[in-house]
Amino acid sequence: MKIVVVIMFCAILSSVSPDSDNMQDTCPTAPGEQSIFFINGYPCKNPTEINAQDFKSTKLRVAGDTDNYLQSNVTLLTASEFPGLNTLGLSVSRMDLERDGSVPFHSHPRSSEMLFVVSGVIFAGFVDTKNKIFQTVLRKGDVFVFPKGLLHFCLSSGFEGATALSFYNSQNPGVVNIGGVFGVDQEHIKNMMRSLITGSGSSSGITDGDVL
């Protein structure tokens, strides 16, 4: 009986963990062509060839290309693009928004997201499973959390562009865009997000001095 309880307890712990725990100090993703083996993660680099550069990335130094309809860009670094993240259960992204830029409703099925505003003003929010909206205005230095799997969005709401960094508790958080799933055009999604700003029934951190 005790053995059964222990097995069930271990199963529960493994099910709530964002990613599997690493079994060695480091495991940078092995370079090369696509593997013929399909595993839950990426093969490790040869330990004798690991160096400090495996744990450094310069891919978020430069702003992304915002010359598109949404006037936004999100550069996501997972264990595939940033070898040192492999088995650590982490990933990171940079979001660049023009003055009227937006990142439409989407979700990350395998991760929660912590958003840190580097510059500008961002109106951000998410919708829970009871269809309650949690939305607020974020400024430089502010942090906001999007819970795992919930639809969320971001809008630039200042007089200038905005930049933010996001951190995820998964080496591959995944992205599900509702526009792609339901065939909804981007203009409709953008207008729908902006309608939330004045919508009723929301939990909002908006104050009189906020720019929208």
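The backbone N, Cα and C atoms fix where each Cβ goes, glycine too.
Positions annotated as signal peptide by TrEMBL: 1-18.
Spatially close to Cys44 (disulfide bond) yet at least six residues away along the chain are Gln24, Cys27, Pro28, Thr29, Ala30, Asn86, Thr87, judged by Cβ distances under 8 angstroms. What TrEMBL lists as disulfide bond is Cys27-Cys44.
Per TrEMBL, the feature domain 'Cupin type-1' maps to 58-190. Secondary structure counts, DSSP: the domain 'Cupin type-1' (58-190) has 13 helix, 59 strand, 61 coil.
The Cβ of His106 (Mn(2+) binding site) has 20 other Cβ atoms within 10 Å, all protein chains considered. Annotation source TrEMBL lists Mn(2+) binding site at His106, His108, Glu113, His152.
The number of other CB atoms found within 10 A of the CB of Glu113 (Mn(2+) binding site), across every protein chain shown, is 22. Feature annotation from TrEMBL assigns oxalate binding site to His108, Glu113.
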For His152 (Mn(2+) binding site), which residues in the same chain are close in space, meaning a Cβ under 8 Å from its Cβ, but six or more apart along the sequence?
-> Phe105, His106, Ser107, Glu113, Ala124, Gly125, Phe126, Val127, Phe146
Starting from the Mn(2+) site formed by His106, His108, Glu113, His152, give every other residue of that chain whose CB sits within 8 Å of the mean position of their CB atoms, in sequence order.
-> Ser107, Phe126, Phe146, Leu150, Leu151, Pro173, Val175
In sequence order, which residues at least six apart in the same chain have a CB under 8 Å from the CB of His108 (Mn(2+) binding site)?
-> Phe146, Lys148, Gly149, Tyr168, Ser170, Pro173, Gly174, Val175, Val176
